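For reference, the structure is listed below as structure tokens.
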Amino acid sequence: MAAPRMPPSRLSGIMVPAPIQDLEALRALTALFKEQRNRETAPRTIFQRVLDILKKSTHAVELACRDPSQVEHLASSLQLITECFRCLRNACIECSVNQNSIRNLDTIGVAVDLVLLFRELRVEQDSLLTAFRCGLQFLGNVASRNEESQSIVWVHAFPELFMSCLNHPDKKIVAYCSMILFTSLNAERMKDLEENLNIAINVIEAHQKHPASEWPFLIISDHFLKSPELVEAMYGKLSNQERITLLDIVIAKLVGEEQLTKDDISIFVRHAELIANSFMDQCRNVLKLTSEPHTEDKEALVTIRLLDVLCEMTSNTELLGYLQVFPGLMERVIDVLRVIHEVGKESTNIFSPSDSLKAEGDIEHMTEGFKSHLIRLIGNLCYKNKENQDKVNELDGIPLILDSSNIDDNNPFMMQWVVYAVRNLTEDNSQNQDVIAKMEEQGLADASLLKKMGFEIEKSGDKLILKSNNDIPPP
């Protein structure tokens, strides 16, 4: 039975039960704090009373942690704890005065300790799960837009709370914990993550498991990607699937509606170094898919995603210049293009041109566009860059690119990317134009194919000239 209550009294404009001792009183406060005017006029004494109830109820949880047989007696305490957290959570909404009052009572430390106790219980009770969720919601709200509260939350919660909750089986607990981490992180605290990489990896895993949850995604895109040091340290410890997840977010950042700022560009140049080196080290992993065509090799899929990132990076004019002079990158791209082109000709495999659509789950679908993206990357690297134009010629890359122009369902838009690459290879480069013109004269390049691609060969005296017409397909 609920303890008897004194008649309600008015405190600073809010009708509250006095003293606050029972569940009904807490529920009344929770409802009152849904209104902004009530939050703004709440006296600090209310939060002291709520904290007293929270501390008293915590003893039952501590006892259950020491003696599992006591878990069945937790129901009433969990109800009170839940309502305390709801009350405090609501009180903090867009009200820095209440956030400060609650923080100064050391309620944050009590709440974090209690949440960690919940994780220790490891029992399946809906009431426990609800209290757990409400506790995390309170910590998120008390820290929201309040730097002092964020600092206190970080002191108490890092690293134990994040280690305990980011991998919790309940998706709401993962989401609320991610909200706390997102709210509390800043440049200085990112250094703490570098020393606790498992937390950063858990965030990647959380996004992988719960892609619909916005908080893990925002942590990665808005915090992790601003720290090249963290990304590099973390990348080496990620599983292949986690690497794919991270690279997908890098792509999302590159192609997003918001353009990269100057600060972003300097950071992404560092990321570009990691991506380019990783691709150069692993690019031949795609060949594993030819020996085991029914196996989804994650290493190969990472290589495919690395190429996708490089294509998007070189589509950004601010990042292009850095990658155009990246040592060994062009050579490696030409090398892997030549290898998969030859492998595709030798026997029927996933790199052979196909005129039939594949089911989404097929491994052919996983490698879709790889060859055309290699040609796209070559075209990007040659954009207004004579050194790279000449390098492709020296590596016999021009015949290779022209020979890759067959229609291929595994490589949509192959023709368009070949045209794009040829255009960038020959722009203001008479030597490369001569190479293609002579290939046509010698029968090594199909004139009808060149015309279809938007080029034609004209004779001027003893010279052959490659010209583009107005019907060049768009890239």
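One-based numbering along the chain as shown.
Cβ coordinates are placed from backbone N, Cα and C, and glycine is handled just like the others.
Note on R10, R66, R189, R243: Swiss-Prot annotates omega-N-methylarginine at R10; no matching annotation appears for the rest, which is not proof of its absence. Cα of T82 (phosphothreonine) to Cα of S430 (phosphoserine): a span of 76 Å. The modified residues S77, T82, S430 differ in how many other CB atoms lie within 10 Å of their CB, and the one with the most is T82. Across the structure, S77 (phosphoserine) and S430 (phosphoserine) place their CA atoms 83 angstrom apart.
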